[in-house]
Structures are given as structure tokens and as C-alpha cells.
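K.L.:
There's a structure below that I have some questions on.
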Amino acid sequence: MMKNKFILVLSIVSLIGTVIAYFYLPEQIIMHWDVHGEATRYDPKWMVLITGILPVIVYLGFEIIPKIDPKKENFKKHKNAYDIIRAATILLLIVIQWFMIAVAFGINISINTFVPLIVGIVFIVIGNYMPQFRHNYFVGIRTPWTLANEHVWKKTHQLGGYLFIVMGILFLIQIFIRHLLVYYFTFALIFIIVLYLTVYSYVEFKKTKK
């Protein structure tokens, strides 16, 4: 409970800081970069107000989900994992928000280091806690077959946990090996892993019917 309150307070403080920063930002700020780390899109500075409120909205969304999920009793069983994922997701949004603000103020931060670092860490955190997710309709690997069978759900999330950690490590490798081939290989492998987990859940479901 204390951890959740801290994340909520941090989200509100970040939003207040964003509103203050808004008045000092240039009229146009960078909102998108290409694979080379070059700015490709500028937007009006009021966009930071929209991205700034996202952590609060996401926090409220995480509060509502356990109350409306048909399997709400399972959220009590994986509460720790759920709270960790909530914190990781919101911290990711806050860090990205202040990265954009820092860049807008002219602070030199390498996008090619920043993005792989935070995304890699988040993937590893999610992968570490994914096997703890109990059967539900909102959080986790939700395919028709994992939702239809708790055994399939459990096996898919056990495998998914390991594979998410692998994806996180691949992102971290990009910090040290800055080559387009590594970038494309990482995203190709992510696509393959997602596809594989989908097929895996189907195959495991078919096994339960034999």
C-alpha cells in the first residue's frame, strides 16, 4: 500500500513539475527520433501536458482493473507482482517524460543510450514477475488459449518470463553495440518471440484436449 501511494505521489509531483516546466519550454519540442538518434518530429510544447498526465491516468487504470476483472479474486494472489508492474510502467512514463523535457531545455542525453537502457530494465522486471501473474483478463499474455485454460496460462507465463528477460538483455546490449543490424535484429527477435508465445499457448491448449 505504501509503495502504491509513493508511486501516486511521484506521478502527481511529476505532473506539477511538468506544468511549471511548460512555461519555460521552447514553443516546439522534439517528440520523436529515428534509429540514428536524429530528431524527426517536433510538436507544440503543450504536448508535454498530455504526456505529463499519463502516469496519473495509468495509475488510476491499474486501480480500477482489479475491481472490474471477472477473476478479481486472483489479483489478491499476485498483488506483489501486480504492484511491481504498475510501478515499473509508471516510472517508465515519468522517466520518458523528463527525458523529453531535459532535451527540450538543451541538455545533451543520447537517445541511443537512454531508450535501450530503460526499455531493457522494464522488460527484465516484467519478465522476472510474469510467472507470478494469475489467470485474469487484463494483465499478462492474453491469447484465446491462455484465457481459456489456467494450465496453459501458467505454462505460457513461465516461458514468457524467461523470454522477456532475454528481450531486456538484448535491449541493454544495444547500449554497447550501436549498429543498425543489432537494432533490427532485436526488434525482429521480439516479433518472433511474441509470435512464438502465441503459437506455444495454442499448442499447449491442444495438448489439454487430447
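Every residue gets a Cβ built from N, Cα and C, even glycine.
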K.L.:
Need the matching range: TrEMBL marks transmembrane segment on one of 7-25, 159-177, and I'd like to know which.
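P.N.:
That would be 159-177, the stretch labelled transmembrane segment in TrEMBL.
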K.L.:
Just to be sure I understand, if DSSP states are collapsed into helix, strand and coil, how many residues of the domain 'DUF1648' (10-50) fall in each?
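P.N.:
Tallied per class, the domain 'DUF1648' (10-50) gives 17 helix, 12 strand, 12 coil.
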K.L.:
Among 45-65, 85-107, 159-177, which stretch has the highest count of C-beta pairs below 8 Å with the transmembrane segment (113-130)?
P.N.:
159-177
K.L.:
May I ask for the residues of the chain that lie six or more residues beyond the transmembrane segment (85-107) and have a Cβ under 8 Å from a Cβ within it?
P.N.:
3-4, 7, 10-11, 14, 17-18, 21, 24-26, 29-31, 45, 48, 51-52, 54-55, 58-59, 62, 114, 118-119, 122, 125-126, 129, 139
K.L.:
Express the predicted model's confidence over the domain 'DUF1648' (10-50) as a mean pLDDT, rounded to an integer.
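P.N.:
The predicted confidence over the domain 'DUF1648' (10-50), as a mean pLDDT, is 87.
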